[in-house]
């Protein structure tokens, strides 16, 4: 028996839920896009019709993030993991080290990849505050004087940790914003490179965004594959080879949807409201636990455990039956995790809290 999609809320950490209006538009246009009699995924990436999609997508993203003119916007392949390699290979130049701020799993993953190309200087920013997980303030981060750049991940999806400040440094700041881009306002001009896998707040998996300051182009090592070379991608308008056109088109629809919601400033207010509803209930409960200090709690990913972990399987089964999908926590930390990206409506978070309350009453 098929489930009524009106009552389904997808809390997947990624690939994550897409806005329903975007999915509906893609469905309507799937077989006959713009009256061409074909799908958008069947036309040449060099056709005037698709180039218009690409150009509009870039402009909409520039508008949403207020990206300065001296930054290139690149639509890349390989996801954020490809950027783990692309960043050092593009930015090191003659340097032999870069500072990596370690606040969690994804920052550590970037370090492991960087070790193939340099000797990363790792500053562990993990901390404990009032018995909870936290991150040291950026003012306390130690940056190597010879670092080519400073890399960090502002939002760690597994632990549900978010970093809200930046160091004061003359080094280019590189941020893996895969799980936080477009969720809150940022000042792009403070960064050298911002990159993000698409499958959280941008679109479907298969594409990534890199926003690169112009002065950082042209530093690439000779061994860098052309497909990862920021300068090559910029010169070729992100079409050095055939791009993932359908993912690009869908990302463009997401950008238009976000503009229609009032842009990043408006969606940030919604995101803060959603997160507050969930965190407030967890904090008021004696049955559920979140182990992150309020100063560093993620707006996008809310992990929680129960005081009776033996009930995890029952919780997940009953939640699934009610249309509350993909709440299982990452295998590294266990428990549950609610990912509440831009596409998650407030109604979904309220439905989750209602279920959590009922489950607590029945099982406490």
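Every residue, even glycine, has its Cβ placed from backbone N, Cα and C.
Look at Swiss-Prot and you will find 46 tagged as L-glutamate binding site. When Cβ atoms from all protein chains are considered, those within 10 Å of residue 46 (L-glutamate binding site) total 11, not counting its own. Mapped onto three states, the DSSP output places residue 46 (L-glutamate binding site) in coil.
Sequence annotations record features per position, and here Swiss-Prot assigns pyridoxal 5'-phosphate binding site to 80, 81, 106, 157, 176, 199, 241, 242. DSSP gives residue 241 (pyridoxal 5'-phosphate binding site) a coil state; it is part of no helix or strand.
Around the Cβ of residue 200 (N6-(pyridoxal phosphate)lysine), the number of neighbouring Cβ atoms within 10 Å comes to 30. The secondary structure of residue 200 (N6-(pyridoxal phosphate)lysine), as reduced to three states from DSSP, is coil rather than helix or strand. Swiss-Prot lists 200 with the feature N6-(pyridoxal phosphate)lysine.
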Which of 157, 199, 241, all binding-site residues, has a Cβ with the fewest other Cβ atoms inside 10 Å: 241
Neighbourhood of residue 81 (pyridoxal 5'-phosphate binding site), C-beta criterion under 8 angstroms, separation at least six: 109, 113, 197
Inter-residue C-alpha distance, residue 106 (pyridoxal 5'-phosphate binding site) and residue 200 (N6-(pyridoxal phosphate)lysine) (nearest angstrom): 15
Sequence-distant neighbours of residue 242 (pyridoxal 5'-phosphate binding site) in its chain (C-beta under 8 A, six or more apart): 45
Residue 46 (L-glutamate binding site) and residue 80 (pyridoxal 5'-phosphate binding site), Cα-Cα, nearest whole angstrom: 25
Same chain, 6+ residues apart, C-beta under 8 Å of the C-beta of residue 176 (pyridoxal 5'-phosphate binding site), given in sequence order: 80, 83, 106, 107, 110, 151, 152, 153, 154, 195, 196
Max CA-CA distance, Å, over listed pyridoxal 5'-phosphate-binding residues 80, 81, 106, 157, 176, 199, 241, 242: 31
